[in-house]
Ligand SMILES: Nc1ncnc2c1ncn2[C@@H]1O[C@H](COP(=O)(O)OP(=O)(O)O)[C@@H](O)[C@H]1O
Ligand SMILES: N[C@@H](CCC(=O)OP(=O)(O)O)C(=O)O
């Protein structure tokens with residue numbers, strides 16, 4: 001069976017959705033159609049027998065709009081205030097949509113600090129495990145209220161990689177506003193070509209990945225490659241795929257050649273804490 005075909009066998013799947021996928025770029029308002037589709041596809045994935053964890057960004061993006069601010073703030077306290085407002089709104093929508101399908105869901109907010117602490121990480125792992133056993137889909141975000149610049153993940157790509165490692169996930173899918181990793185940022189270079197599979201994350205791959213160009217997303221492709229470094233070393237595959245059509249999630253699981261697949265190469269000496277302390281996560285760093 002080829003690498004894509006093996007994705008059918010994945011049992012515990014973490015799906016990360018970025019801010020750029022959750023809101024309409026033209027207005028900054030929530031993309032309800034996208035959210036509804038996402039929740040339906042995730043519930044169906046769960047119905048098909050998979051454990052599902054959702055890592056959702058968007059708290060700041062939804063919050064600044066709700067507070068009537070004209071743009072995403074730069075100041076940390078304002079970002080934190082926006083996140084506190086937006087997180088509540090997002091959860092209200094997620095829980096309502098999941099409830100329509102009788103699918104249980106839960107909120108989990110974590111910080112980098114808690115993931116570095118053995119006891120707290122163990123507690124978090126137990127909570128995830130129990131929720132999954134109960135058939136619930138955990139919805140994870142960073143606890144922005146208590147995270148400052150020095151200690152934050154800051155981007156949910158890295159957060160989703162950490163979550164995948166903590167829950168022992170075998171596949172991480174990053175939903176974003178572009179088809180996958182290109183040889184260069186296609187928003188700036190029209191000649192950029194899509195890469196369908198990455199088996200080794202070397203300097204050449206890292207140099208292709210640039211930051212975000214939109215005002216809504218953070219990190220761009222660079223943080224997704226950092227996430228791939230963690231996840232593949234932890235022993236899970238990772239796929240970056242476009243959220244424009246959420247059937248792409250089903251296509252990935254069905255083994256279709258879509259998006260960019262990063263292949264797992266589990267390291268025996270994998271130690272999550274090492275990745276969190278030695279930022280940046282890039283090998284060349
Ligand atoms: N090599 C690359 N291939 C694809 N996209 C890239 C690349 N380098 C930078 N990008 C940018 O990364 C963006 C996606 O990241 P981001 O805006 O942070 O989304 P999200 O909110 O989903 O995390 C793309 O829209 C693109 O402009
Ligand atoms: N915790 C933040 C996540 C930061 C963020 O914007 O992440 P992303 O859109 O995934 O690049 C939030 O919910 O707004």
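Cβ atoms are placed via backbone N, Cα and C, with glycine included.
Predicted, not measured: the structure shown is a model, and the values here were computed from it.
Record check: TrEMBL places 57, 144 at the substrate site, and the matching candidate among 47, 156 is 156. Maximum C-alpha to C-alpha distance over the listed substrate-binding residues 57, 144, 156 is 11 Å. When the binding-site residues 57, 144, 156 are compared by Cα distance to residue 221 (ATP binding site), the shortest distance belongs to 156. For the domain 'Aspartate/glutamate/uridylate kinase' (11-242), the model's pLDDT averages out at 93.
The number of other Cβ atoms within 10 Å of the Cβ belonging to residue 156 (substrate binding site), over all protein chains shown, comes to 28.
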